[in-house]
Amino acid sequence: MKKILVVCMGNICRSPTGEAVLRAKAQQLGVDVEVDSAGTIGYHAGNTPDHRAMQAGQQRGYSFSGIRSRQVDAEDFVKFDMILAADKANLADLFDICPKEYRHKVSLFLSHAELDVDEIPDPYYGGEEGFDLVLDLIEAASDAILENVAKS
């Protein structure tokens, strides 16, 4: 079973959305994966995802049950097979703390799909349409990610 970690800054918008989408799609496709999410900062540790992220996701049928914010820790680089960063700033933060022998596990979430963008924009300070865009991007990349996992 592959283990996937989705990472954004605070673990309240993008990464929990990625976790919820990957879990649901993996179940639909019968792909055996374990999915978790974390943030590069621990400011929101223990909190549930942003209510706007949950509302947008739930409108598309995704469950955020049991998801709580936490910060990335050293053990994550050992435990997870894929560590997917929401944007380049998070990717740089992960590389700063990732031991060299595990760097091959870390990549941008959207790098796994053929999209015109390579970063998932942070919707936190914007309107609700930003959360829909996040879902669109994550859904598109999740299909490609799970297809690759199923082949390996």
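Including glycine, each Cβ sits where the backbone N, Cα and C put it.
A TrEMBL annotation is a machine prediction, not a hand-curated record.
Listed features, source TrEMBL:
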{"type": "DOMAIN", "residues": "2-148", "note": "domain 'Phosphotyrosine protein phosphatase I'"}
{"type": "ACT_SITE", "residues": "Cys8", "note": "active site, nucleophile"}
{"type": "ACT_SITE", "residues": "Arg14", "note": "active site"}
{"type": "ACT_SITE", "residues": "Asp122", "note": "active site, proton donor"}
With the cut-off set at 10 Å between Cβ atoms, which of these active-site residues ends up with the most neighbours? Options: Cys8, Arg14, Asp122. Arg14
Arg14 (active site) to Cys8 (active site, nucleophile) - Cα separation in whole Å: 6
Give the three-state DSSP assignment (helix, strand or coil) for Arg14 (active site). helix
Rounded distance in angstrom between the Cα atoms of the residue listed as 'active site, proton donor' and Cys8 (active site, nucleophile): 9
The domain 'Phosphotyrosine protein phosphatase I' (2-148), counted residue by residue under DSSP: helix, strand, coil: 72 helix, 22 strand, 53 coil
